[in-house]
Amino acid sequence: MLKIRSAKCPWASVGAAGALVMLVTAVHVFMVPILPSSLDFSGARRSVHHRPRNVLPGAGVVDSRLRARFPADSYEAVTFRAAPWKAEIGRWLAGCHAESSAVNITEAIGTKRCEKDCSGNGVCNYDLGECRCFHGYAGKGCERVLKLECNLPSSPEWPVGPWIVSICPAQCDTTRTMCFCGPGTKYPDRPVAEACGFKTIVPAKPDDPKLTDWTTPDPDVFTTNSSKLGWCNVDPEDAYSSKVKFKEECHCKYDGLWGQFCETHVECICINQCSGHGHCRGGFCQDFFQCDSGYFGIDCSIPSAYSVAYEWPSWLQAPVNLPDLKNLSNIPINVNAVVEKKRPLIYVYDLPAEFDSHLLEGRHYKLECVNRIYDEKNRTIWTRQLYGAQMALYESILASPHRTLNGDEADYFYVPVLDSCLITRSDDAPHLQMPEDLRLRSYHTLEYYRKAYDHIAQRYPYWNRTSGRDHIWFFSWDEGACYAPKEIWNSMMLVHWGNTNTKHEKSTTAYWADNWDDIPLDRRGNHPCFDPRKDLVLPAWKEPNPGAIWLKLWARPRINRTTLFYFNGNLGPAYEEGRREDTYSMGIRQKLAAEFGSTPNKQGKLGRQHTANVTVTYVKSEMYYEELASSIFCGVLPGDGWSGRMEDSMLQGCIPVIIQDGIFLPYENVLNYNSFAVRIEEDEIPNLMRVLQVVYSPFSSHQGINDTQIDFMLGNVRQIWQRFFYRDTMLLEAERQKKLFAEEEAAWSVEVSKLEDGDDVFATFIQIIAVLTEDNPDHSLEKGIDHSNLVC
């Protein structure tokens, strides 16, 4: 990564000494990485026969023959599939991974029946013979109906109970803590969510906002009087034609319903939409009683002997050897099928539903923690929910031929806790309150991950074989794995926030409920947020924008990029609509705006060094993507932890300028960031424009920007932009949509399908973990690595 350090002399006194400083700075820029270039990277080891490598190769690792075949360029990068990798990693991928051969894997097909067939209230895991019960049901056979209240205990002051997201003055569905109009109304299944069921306080002034009186239920929501603001008995046609009044505070917030009056039932969002083997109910796959045809798993993608007798799932690959299963009465206790696969192989735990399906099924806002919903025609609407990456990766792994059901052959074990759903749902219903967790969502999340650890460590043999080094956990929220429980820290952490804590040692969020500083050390331990030797930063979710793809904004040439530097985002308390907390963005955005702000702040002042070809603004723009694509350099600065600015830059073909010390960006410990990005220290912000010029033309008398250098970096951004795009999960959804709308393909589907077959996030993820599966019998990072085995 291009790294800038402050010059020791003032910029105003550039003479012979200044030129020398610039020369030294330029050398330092190109020669000094953020952390040592030889990055050990803990990872997996297979549980039998072989021990996969648990660190990424560093300098001197790869066989000398590969060095001759794949020499590094002047930036110390080796190219593999159009991407500039750190040299040793690129050599191994180019010389070994590309030539790897398929292996035969024995996949175990489950046959164990569940107690009471889960009573119609769950899905049977035929491998374990255990039920995954739907939200609101429990017991070995899901025979027990839970009573999950919508309301907190009432009092004279709070007749319905204090406010909580699930608060309900109408009919509470106590299996899901959701509020509906209920029996006796014309539309009993219409939601009465939050403010809908309570009196509205009329504002005293015209510009004042409406407020809700949470102590007084509104009886008019049940009225049949057309002159009052009703809801539960309002006919949609009458309302649309203005024949009756209705309460505007009532909304259709729950998943599976569409229209202003929730009059249309639509497809809910489920993982992989149940793989065509079930019906999605609010986030849980089922088909009357469970997944159809004997399938199971969170997305109904795991076959049992009762399903593979008639249909073989595509992700398992075509079987080389499969017993005759037509006679179901003679199915053996264990059914094994031999299939041909390529490593790395990933085993995905089928966790109890409380860690994933329940968090989806019980959410109160349809847009929470998902990357898509469905409209009134069941067409896909992609969301701008940045946390949607967790779902995207999960879907890709489950549908991938790299997935295996054979834990003894697996290279990695994926533990699918959906923290993005948990955090948004923390405290949203009485059963998800956090009284023992210091009222911190971070602590609440830690406890969920620890429970998942307890489950897999006690119920499966795989964790204890490696102390979890071959396990993968995804922490998708603002500060990533900062609050991972100490028990799982040996594992690989997938995050969006690569804070090594070398500079920013404490919690960096300005939102108190996510702060992790006060979590007890006996729960969290004393680990950093991110360890570049074993963890990986993945890109955040960005929805497919058909217009941007069609215009190929990532490929816009240098001549059409007239803005030198661009940043658009919240700039803190000095600006309108800015975050009030001084600690937001660790003050970095505020420093940038103070120097280069191109929009007046509350005092009407521009930045001290504002200039025509630099944009630093908080004003949201409908042309945001176009403006990024018209810029050479784009700022990548934090928010409450990570932001999506790196992805915005890459997808629009802009060279990222990273300003966040000691915090890794996506793939930064494996890709050679020198080849396509610039990193500037936070203290160097006042010299940003001068530094950019010095970087690109250190020997020029007029300090002009070197077009050759810029073109090289822009070219690399063009080559690798898809590695910051979750194309695989989009293509999976495109295939599902084509089956429903064969004659009218959506614009996003057309454009995503037309893209060249470049490697996306999932392909990059597979390539990275493939590096980690080479033989390494010694797992000691301190003793170093036996390099002799890292040959093809």
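Every residue, even glycine, has its Cβ placed from backbone N, Cα and C.
Automatic, uncurated: that is what TrEMBL annotation is.
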Whichever of C114, C133 is disulfide-bonded to C124 when TrEMBL is consulted: C114
Cross-link partner of C142 (disulfide, per TrEMBL) out of C133, C168: C133
Among C114, C124, C133, C142 [disulfide-bonded residues], residue with fewest other Cβ within 10 Å: C114
Summary of DSSP states over the domain 'EGF-like' (110-143), given as helix, strand and coil counts: 6 helix, 11 strand, 17 coil
Spatial separation of C114 (disulfide bond) from C142 (disulfide bond) - C-alpha basis, Å: 10
